[in-house]
Structures are given as structure tokens and as C-alpha cells.
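> First the structure, then my questions, so here it is.
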Number of protein chains: 2
Amino acid sequence: MDYLAEERKKAKFDVEAMKVVWAGSEHAFRINDRISRLVADDPEFSKDVRITLTRKDLLKNTLRKSAHAWKLINELRLTEEEATKLRLYIDQPGYTDLHWGMFIPAIKGQGTEEQQKKWLPLAYKMQIIGCYAQTELGHGSNVQGLETTATFDLLTDEFVIHSPTLTSSKWWPGGLGKVSTHAIVYARLISMGKDYGVNGFIVQLRSLDDHSPLPGITVGDIGTKFGNAAYNSMDNGVLQFDHVRIPRDQMLMRLSQITREGRVLASDVPKQLLYGTMVYVRKVIVLDASIALSRATCIATRYSTIRRQFGSQDGSPESQVIDYKTQQSRIFPLLASAYAFRFVGEWLNWLYGDVMQRLQAGDFSTLPEAHACTAGLKSVTTSATADGIEECRKLCGGHGYLCSSGLPELFAVYVPACTYEGDNVVLLLQVARFLMKTVSQLGSGKRPVGTISYMGKAEYLLQCTSDVHIAEDWLKPSFILQAFEARAMKMSVRCAQNISNSPSPEQGFSELSADLMEAAKAHCQLIIVSKFIDKVQQDTTNKSSVKEYLSVLCNIYALSTLQKHLGDFLSAGCITSEQGALANEQLRHLYTQVRPNAVALVDAFNYTDHFLGSALGRYDGNVYPTLYNEAWKDPLNDSDIPDGYEEYIKPLLKQSFKYSRM
Amino acid sequence: MDYLAEERKKAKFDVEAMKVVWAGSEHAFRINDRISRLVADDPEFSKDVRITLTRKDLLKNTLRKSAHAWKLINELRLTEEEATKLRLYIDQPGYTDLHWGMFIPAIKGQGTEEQQKKWLPLAYKMQIIGCYAQTELGHGSNVQGLETTATFDLLTDEFVIHSPTLTSSKWWPGGLGKVSTHAIVYARLISMGKDYGVNGFIVQLRSLDDHSPLPGITVGDIGTKFGNAAYNSMDNGVLQFDHVRIPRDQMLMRLSQITREGRVLASDVPKQLLYGTMVYVRKVIVLDASIALSRATCIATRYSTIRRQFGSQDGSPESQVIDYKTQQSRIFPLLASAYAFRFVGEWLNWLYGDVMQRLQAGDFSTLPEAHACTAGLKSVTTSATADGIEECRKLCGGHGYLCSSGLPELFAVYVPACTYEGDNVVLLLQVARFLMKTVSQLGSGKRPVGTISYMGKAEYLLQCTSDVHIAEDWLKPSFILQAFEARAMKMSVRCAQNISNSPSPEQGFSELSADLMEAAKAHCQLIIVSKFIDKVQQDTTNKSSVKEYLSVLCNIYALSTLQKHLGDFLSAGCITSEQGALANEQLRHLYTQVRPNAVALVDAFNYTDHFLGSALGRYDGNVYPTLYNEAWKDPLNDSDIPDGYEEYIKPLLKQSFKYSRM
Ligand SMILES: Cc1cc2nc3c(=O)[nH]c(=O)nc-3n(C[C@H](O)[C@H](O)[C@H](O)COP(=O)(O)OP(=O)(O)OC[C@H]3O[C@@H](n4cnc5c(N)ncnc54)[C@H](O)[C@@H]3O)c2cc1C
Ligand SMILES: Cc1cc2nc3c(=O)[nH]c(=O)nc-3n(C[C@H](O)[C@H](O)[C@H](O)COP(=O)(O)OP(=O)(O)OC[C@H]3O[C@@H](n4cnc5c(N)ncnc54)[C@H](O)[C@@H]3O)c2cc1C
Ligand SMILES: [Ca+2]
């Protein structure tokens, strides 16, 4: 029985068409649909017991799933796109994420053609398993501060890889602890006494015969992480080198080379090529944010529709909690954010292609802008998603605290996205640097391009006021855009002015960095809003209702962001408090419009129950029997009498201890 | 070696005096100090392995600790105050929390003298173990909707306790799943066909001989919860009754009685007496919030002082990350909040005494105010604490994601405080109702009292503007108070006006509930600010430096709250955007003042390393070797070759599968 059937009937748009919009294309939709069902239907990929496993068993469980996935990929001759989706829907962090997602791309990006020819086939066939060993105990964000050394030995034509201090131990690399046979190790290149800074090296860690660590290598797991299963299925590792020797040709030499004589040469390949990879990785992270947030909102929305609490009059059913305006004001902005992040991620896809084309053509002009924009979007979307998942958990009341709700694991597995691939605060400060630079060049005739082009209208934006008169005015994209542009502009310019009043720019930047972080956020939120608006306008489903609800979501994203940062908008003078109140009023109307469509809007994500992994978020809404049955599966329920009863409960109850008090 | 010694020397106030201020009194300080060391020094209470245990072993570990605690309590003849502290510092949720914290208080509060005489001695001696079984699968917030029935049987003078539906299963009670022998069960009292609503009943669940569930009782654990250990050490349970009979005198009869003939009578004891317990429980929750948040800020502050990243000039050490203004703007408001919550909790202690005295004297006049104020403070402090712990985790970068940082567990164990004892949103809406009622009576001559007395100045507050001219003006308590009062007043009045424009007050309340929630928060933040100001002014340590830094923290709490909710203040018209910018400027100065005192301000919490349970937060700052050594303890590191290598890794590397692709 479908307990949500009534809700589904209420939807005023074509869910099937929305599914395609969410997926990005018919093609993408079909692949997602097929692969997610493939995983869901295969008992090898069951997620049932994993939260109850010890770490050893959990790692083994991951190894088994990875091997099975590899079998399927080959047997079914999956394409690379399909194989990536397979790993996504298996939904369990594992060494293959790093092997395919970091090790191989690093060789592709930083290896010479020769090196690629040698190593890539081994990696593609998984005859070696690799990880990405950059972070150390003492250095994460500051990569230039890494301490591991790779000293060239002229006599033997080898590098000596060494960990000179405790803090130089590699620390965090996924797949390193127990599985990887090889690693890209980032180390200081030292030749003839000179330190050439950090470079990548391919280092074998374990014997290919019996998997034992090679001489001079100490390697292990760094211990339990946040969450029950979550990232504990991954062997994030620690690694120390005691003068380990590797041949000279295992330094990744696309960007700089070392000769037999120990001379270090920069290659003629421009360093900027590395940025391509960065844009790629961050695009993936933004799309992952939309997946994680959409999962959480799907669970919270479906459950809030099933859950009834209070408001029964004379025996009639109680109110569905989704009908409470507070519940709506908490869920719907997150639902809109999931869509917003999805579309900005899609746009980043385009940007990546554009950047790559330009790089190939030797045009580096858009790189700073692309770099700032991807750094900022990574930061803003992952922070909002992490907070959003936890809010969805709270929206489910007590039951959200059970692992069977799926939400605790979703949170625990997601939050490190705020830290890895660039700490979110460090990234925002990079965006801020770019903003300050752009502002400082405004008079110079250099026209800002791409996402920063609004700064070309600085003069106008700094003095414009909003023309919103009635609540409905806030539905107009031009009004929204202008408010967001004016806010971002004003915040950047205000920071720039304050910095210019400081003893030195560096001191000013540092002193004002908290404000700069806010200015960077404002810039990124503007990008998200404007890409959402573009998406709505470009929508070609020709089903007007789809477009209509995309537009509702777009407005919710914009106005709830405005409401949350009202202080920015008001102090920038770009809107008045009356206009703020009108935005709030309009937001309430928008929530009312979403309400009957809420379940359909999360159905459009097309997630299987396997992928959601949630008793509360089930497609059929059959929440209570599922929660109940899940409970009894806990190993604690194997016996009525718990272990420890004889030793620690019975003596209490029987007063067999000598208690002197009371 | 003390790696933080230099930092400690920088402090400009007397840490020992601050410890006493934090603890509340010399007496409290001495007890905390003694009991926390007692726990820390006792190997039975080691927290070392618990995150790696299976649930069965974790529960057993809790049972062992609880039995050992009970032994100590008796052997050392600890007072009730000391015993409570002992349980606090053991720092592991367990059945005793509910036995002492809910079961016994419920009997005290709702049982007749006779019932207390019969049951309390058994409970005090732990000859029975009890839990508090209110929530059901289908009903949590709406207690009046509970479905379990207690039907009086005239023939046998018994109640028949029954679970008529799946959703009527008791669900969540802590200690129920595996340990409790008894429960206070909340059920609908039905006599002679009439439903008298929900009442409490003492029900025996398990045999006192062999611990097996009694006939008609199905009981078990509800499964794994958020976090590695966290609440998984607690046996939150499910419970179903199949026509279980209990004697009539096991209905808790202080407030209503049932006669042998089945007549239900209200006693002459006023129902309001129950509110005393509620104020008590919420006071404890607010104080617990300050403990949890102070632990998290202690870890983040110490680690941020040890952690260095970037900013090395020519081989000099890198910058301590606590010197980054972004880091300060994230930690210091949380540090200030920990102090703020501590002091408002202390004040709630006083309020509880005041309420109890009045209740005894039959004066119920302050109850609505006390009720609203405790509900709101519970909500605001627990939400801020939950978010704050996670922010502290992020402030520690990647290492915060390791369980050895202590932060993941602290978060997972803390977050349900936002849900239990009243869902935080539901509570805020109760506060809002009280605010709306107060506003509606403003003309009537009824003077608002206590924390709501500022509404007596409504006319003034609605039109006043701030006199802040320079940043330092924001240090004046009167300026801060006025801004917070004006904001709270304005938000309440605006809601009331909007409600009065609605078709009906109920509809208006419901439609505007998101705004009402914000108005309620504003009211609660005002209370916190004003109690902090009182505390600073009353400070009698006579060490001016202590008072000075309390005042700095108080200003940070107030101004960072103002900054975060700037939109409220601006749209209420109580400050201008220039004044907002001045607050921001002042805040930066305040951070600079806190910086050299930061470590001392967290030392003042006087937490043992055992209680903190964090490699990053260690008193001596010896972070890296500790992290490193902790890692190797993970069971995964028992062997170099992981379980599953032979089956799932080797065949891949050796290409022993037939792979058709590539
Ligand atoms: C689950 C997980 C998986 C990972 N996988 C890998 C992997 O496969 N390979 C790998 O090499 N690494 C990996 N990492 C490591 C990750 O890349 C680092 O943790 C990340 O780069 C952050 O660095 P950090 O931990 O040193 O943080 P830190 O830089 O120490 O940050 C600590 C605090 O200081 C602040 N801060 C630092 N610098 C500044 C500044 N200049 N201005 C203002 N504030 C500052 C930060 O905002 C933060 O609040 C992983 C980490 C995690 C959690
Ligand atoms: C760790 C833990 C320990 C617990 N221990 C115990 C125990 O020992 N004994 C016991 O009896 N119970 C216990 N509980 C249960 C707890 O008291 C309930 O979970 C709590 O009362 C919240 O109720 P709920 O789960 O039904 O949430 P719900 O009321 O279902 O909340 C779901 C959502 O609906 C919203 N909502 C509900 N009503 C309204 C409304 N009127 N207006 C607007 N929004 C609304 C909420 O804000 C929330 O977002 C425990 C729970 C946890 C997590
Ligand atoms: Ca576990």
C-alpha cells in the first residue's frame, strides 16, 4: 500500500518531466535509474547490518562490495560513467573512491605521457591500487608547508623518501591504511641541497605478492571517525618513510623535471593546467552536495507528511506536521537549496568544459574567476548541506536520532566535505582575495568577466534602491538579482574601503577577514541565485507546470536566503525593512504553493529506498512497521537478558553488595 | 611538558578565582574538582575503548561502570550532590540517568505520600530500577495523544494496561530496553467507559528473580542511534502490553484518584505543582548545555593555540590558527555563550527555588512567566550548543573528524537535547503564545512581571532609538539592554499586529508561526543577555580582572548575537546600520582582548583530560604524539593485512577474475 498516494495525487506538475530536469538529461536519468535499481536489487549491496559491524568487519564488508562492484563493472561492461554511478549508489566510502577519484586523475594531470603509459593501465585494471597522500599530521591546508622529503641521490639515480618528524607523517589519505599498494606522495623535492618545494611521487607501499608493507614503510589506519559506519568503512591512513628509495622516474614530471644530474627544470607545460583538475573536483563536490541535501530533504519531507501530531478535533486525525508553518519554513528552503545546488553544479559542468577548452588554447584569462567561483561554491554549498542534513534530522523529531532514519549516517558521512578539498573558511578567504583584487581594479578599465561581471555595474549597484512595492514584486527575477548584486557589491566595496584605511593591505585583510568571509558568501549566493534563474528561463521541458514549480523553488531559495541574511541587505541599503517584510510575506505564499507538491518534488529525485536507507523516507510511507521491525534486528535483542546482567545488575537488585549508606 | 605554558602566562586575570565563578561557589568548585579527579583516576571509568565496542559490549561496559559507581557512592558515602556529579563525570549515558533523573522524581512529584513511602526506598536502594515510559511510536510532543490504555477493572480492582495499536508501543524510554525492572507508564485512564486522559502508572516489567519480561510484556531495544558510542550505551526501549494487570494503587494518585468503585476524583492538590518538576528539569538541561558547549570550546581553543598553519616567514614558526580573525570570530562567541548559558542556568536555579516557595504558598501568579522562560531557555541554549559543538569540530580541521578529538561523540551525545524534554520548535511556540498573551493584555493594567517586565515599557521601547555614537558605546550595559529589549518588544508587537489582521487569532498564530518563533528567540536572548549583565554587576570576587573579563565575554555574547540577528535589530528600527557597523567594530576589539586570555578562560572550566576525552584538547597541549598513539590502538591495526585481503583484494590485484573489459 502506498501511504503517500493521496499526496502524490495532489501534485500540480508532471513528476516524470521533473525527474529528467533533476537528472540533467534523458540520458542521465536513464543511467541513474538503471544503475540505482541494479544496486538496490543486488543483495550483495545490502546496507542492512553495516552500522552494527565492528570496524574490521565493516572494512571487510567494503572490500567485498568493492570486489563485487568490480566484477559487475566488467561482466556488464559498464562505461566509465556507469561505473561511477555504480560506486555512488553503493553508498559506502571505500578505497575505490580515491583510486578512481584522486590517484588516477593525479597521474593523468601531473604525469608525463610516458608515465601515464606505464602506470595508467595498471591502475585501470586494478593491478595496483592507489591513494592520494598529501596531508600530514602537521599540515593540511598549507600544502606548501609539507615536511616529507624526497631527496635526490645522484649516486644511485633514486629519490630517498623520508619522514623527518612525527608531524611529517602522512595522515588522512583514504585507502592508505590497509588497502593501497601505491600512493602519490607529496614531498619536498630536494636536489643538491636545494629545496624545490612540493612535488608528487609515485611510491609503492606494499608488496604485490603478500600485501605486507615494504621495508622502511610504516603504515596503518588512523582510527575511528565520526558516525557509526560513515567513513569508518574507509581506511584513512598514517604513513611514515624511513629513507625509502624509489627510481627517479617515479617523480611526476609533467610540470617540472629532474635530470640524471640532479638539475630541476620547469617544463614548458604551464602550471595553470593543474587548475583544470581542481575545477573538476569541485564541480563533483557541488553536485554531491545536491545529492546529499536532496536525500535528507526527501526523508524529512516524506516523513513530515506521514507524521501527525496535535490538532485533532473530536477524533479526526491529527495534523500532518508538514502543515505547520514552522516545519515548512525549515524544510522548504532546504528543498529549494537542493535544487539550487543541483543546477549550479550543472552549470559548473559547463564551466569545466569551457575552462578546459581555454586552457588547451593557452587562454588563462578566465582562470582566476573560475578558480574563485568554484572555491566559493564548494564552500557555500557544502556548509549549507551539512547544516541542512542536521536540520532535516531534527525535523524528524526523536525518530531522526535513530540510525534507521538514515539521517545520522548521512550527516556523519557528509560533514568532512566542509574540510577536505579545501577548508571552507580558507576557501572563502581565497574568494575574498579575488573580490578585493577585482574591486581594486574597477577604475582601471579591466572589465570583470563571468560571475564577477556584475561588478562592472559598481557605480549603479552602489546607489540603487529596490523598486519592490508589493509582495508579488519579489517574484520578478530582475528585482531579486538586483538586490543580490547590490548586496554583494556593497559588501565587497565596504571591505575594500575598510582595508584601505588600514596601516597595510595585508594587515587590513587579516583584521577584516571575518567580514571578508561574509562578502565572499554574498558573492557565491548571488551566483547560485543567478544560475537558478537562468535554469528556469532556459527550461525547455515545454511543460509549463514544471517551469512554474522550478520558478517557485528558485524564488524560495532567493527569498529565504535574503531573509536569513536580512542584516546584509538592510545595512547595504539595497532594500528597506518594509521590502524585507514583503519578501517574508511572499515567502509564506510560496510555501503554500509548494506544500501540495512537496512529495512530488522529492519524488523527482528518483531515489530508491536502498539509496535513501531510511525507515522514515520510504517511498510508500510505511514508516511505523518499518521502524518497529528494524529495531528488533539489533543484536542487543538477541536475548532478553543482556550480557552483564549476572555481574552488574543482579547484585544490585539483590543488594548483595555491602552498602553502607541510606 | 606543558606546551600551553606560554599561553597560560599571557592571561591577565586570576584563573583560580574564575574557576570558582564558573563553578558557582567555592563549595561547588571543590566538589567538582574532587569528584572529577576521582573518576579520572579510576581505571574502571576509562573511556578508552568504548567507541570500538559492539553495542552488546558497550551496554555491558555501561552496566559495569554503573555498578562500580554505585559501589563507590556507598563506600565513600557520597552525598546526593556528589553522586550526581559522579554520574556526570563518568560521562556515559546509562539507565541510572533515568532512574535517578526521571523515575524517582516522577514518583516524588506524582505519587501520594503512601506511594512514595512504598516505592522510594526500593528505588533509592536500587532494589528496583525504573524508567520513564511516556513517548510512543506515534506520539512524542503531543502527550495528550498517547494511545496506551489503563482500563480499570471493577471486578478485580486492577488496571489493565494495554497497547491497542502498533503506534501505541512505548518507544524511546531510556533504560527500558534491557535494564529496567519497573517503569512509570503514561496511559489513558479509562474507567466505566470514560476516558479521563493521560496518567502515570507504576508497572513492573521484569521478574526480580531472573530479569525475564513478565507475561504480557514485550520489551526490547530500539536499535542503534547517532554516534559511535554516544547514546548507544543506553538501552532506549520499545514496550508493548498485552492486557497486563496491575493493582489499583499503582496509579500515581497525587493529582487524581480512583476509588474502589471506579470513580475518578481530582485531588485538592493543584495541578500546577507539576510545573515545579518541569522548571527543575529544564534548569538542569540549561546547565548541561553550558557544560557541553564549554567542553567543545575548551577543545577547539586549546587546539587552535597549538595548531599552526601558514604565515611562516623565512623559517619562523607558522601562525597559530587562533590568531586568524575568522577563527576568533567563530570560537569566541561560542566561548562567551558557554559562560552566558552557565550564568543563566545559575539564575534558573534561583528561579526554581522561588517558584517552589511560591507554589508551597499557593501563589501561582509567576508560573506562566516561569514556564515560558524555562521552555524558551531550554530551546535556545540547546540549539545553540548543538550547533556550537559542530562548529568547534570544524574549527579543528580534519583532525576534528577523528573520534580521538572527542568532538564527534560530544556532538552525537548532545544533539537529542534539542528534541527530548520538549522539541525546541514546539517549545518556542509555547513561549510565543505567552508573549502574544502578554502583549494583548498590555493595555489592561496587568503589569508584566519577571523576565517579561520590560514589556511594561512597551510605549517607550517601540519608539526609542539607540544613542550609540562610537564603538565603545556598545560596551555600556544600558545600551545593549535597550537594543535587545526594543528588538524583542518590536518583534512581539509586530506579530501581534499581524495576527490581529488575520481572519481569526488561531489562524493568524498558525500562519505567522515562523515569525513567532523568531520573536520568542529574541525574548530568550534578551533574558540571557540581561542575566549575564546582572552576573557581571553582582560579581563579588573582588578581583577586578575577573570582573573585567566576565564583562568582555558578556559583551561578546551580546554583540555577536546582535550581529547574527542584525536583520531583526535593523528592521525593528532600534539601531541604525551605522550602529550595527560600530557593534561589529567593537566586537573585533573584544576578540583582541580575549585572545591572550583564551586558554585561561577555558582552563577556568577545570575539566580533567578524562572528562574532555580529546587528544586535541589535552591540558598540556601535547596533541600530535597523542593523536598518533591513539591511532595505533584501533583494532584494524592489529594486523598489517586486513581481514578480507585473501578474498577481496588479492584476486583483484592478481587479476584472477575473468575481466572481459578494457
Ligand atoms: C574524511 C577525510 C578524508 C580525507 N582524505 C584525504 C586524502 O585522501 N588525502 C589527503 O591528502 N588528505 C585527505 N584529507 C585531509 C584534508 O584534506 C585536510 O583535513 C584538509 O585539507 C584541511 O586541512 P587541516 O585538517 O590541516 O585543517 P587546518 O588547516 O589545520 O584547519 C584548522 C582551522 O584553522 C583554520 N585555518 C587554517 N588556515 C587558515 C588561514 N590561513 N586563515 C584562516 N583560518 C585558517 C581553518 O579554517 C580551521 O578552522 C581528508 C580529511 C578528511 C576529514
Ligand atoms: C535520546 C532520546 C532519549 C529519549 N528518552 C525518553 C525517555 O526516557 N522517555 C520518554 O518517554 N521519551 C523519551 N524520548 C522521546 C522524546 O521525548 C520525544 O522524541 C520528544 O518528545 C519529541 O517528540 P517526537 O519525537 O514525537 O517529535 P514530533 O513531535 O513528531 O516532531 C516532529 C516534527 O514536528 C514538529 N512539530 C510537532 N508538533 C508541532 C506543532 N504543534 N507545531 C509545529 N511543529 C510541530 C517538530 O518541531 C518536529 O520538527 C527520548 C528521545 C530521544 C531522542
Ligand atoms: Ca560501532
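Cβ atoms here come from the backbone N, Cα and C positions, even for glycine.
Pulled the feature table from TrEMBL, pasting it below:
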- B:14-129: domain 'Acyl-coenzyme A oxidase N-terminal' (DOMAIN)
- B:131-242: domain 'Acyl-CoA oxidase/dehydrogenase middle' (DOMAIN)
- B:Thr135, B:Gly174: FAD binding site (BINDING)
- B:275-436: domain 'Acyl-CoA oxidase C-alpha1' (DOMAIN)
- B:Glu421: active site, proton acceptor (ACT_SITE)
- B:477-654: domain 'Acyl-CoA oxidase C-terminal' (DOMAIN)
> Taking chain A as the partner, extract the recorded positions from B:Thr135, B:Gly174, B:Glu421 whose Cβ is under 8 Å from a partner Cβ; order them by sequence and answer 'none' if none remain.
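Filtering B:Thr135, B:Gly174, B:Glu421 for a Cβ under 8 Å from chain A leaves B:Thr135.
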> Which residues of the same chain, at least 6 positions away in sequence, have a Cβ lying under 8 Å from the Cβ of B:Thr135 (FAD binding site)?
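In sequence order, B:Lys170, B:Trp171, B:Trp172, B:Pro173 meet the Cβ cut-off.
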> Whose Cβ, among the recorded positions B:Gly174, B:Glu421, has more other Cβ atoms within 10 Å than any of the rest?
B:Gly174
> May I have the DSSP-based helix, strand and coil counts for the residues of the domain 'Acyl-CoA oxidase/dehydrogenase middle' (B:131-242)?
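Its residues divide into 10 helix, 50 strand, 52 coil.
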> Express the distance between the Cα positions of B:Gly174 (FAD binding site) and B:Glu421 (active site, proton acceptor) as a whole number of Å.
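Cα of B:Gly174 (FAD binding site) to Cα of B:Glu421 (active site, proton acceptor) measures 13 Å after rounding.
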> Per DSSP, what is the residue tally for the domain 'Acyl-coenzyme A oxidase N-terminal' (B:14-129) in helix, strand and coil?
91 helix, 0 strand, 25 coil
> To what whole number does the mean pLDDT across the domain 'Acyl-CoA oxidase/dehydrogenase middle' (B:131-242) round?
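Over the domain 'Acyl-CoA oxidase/dehydrogenase middle' (B:131-242), the predicted model scores a mean pLDDT of 98.
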> According to DSSP, collapsed to three classes, what secondary structure does B:Glu421 (active site, proton acceptor) have?
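Its secondary structure by DSSP: coil.
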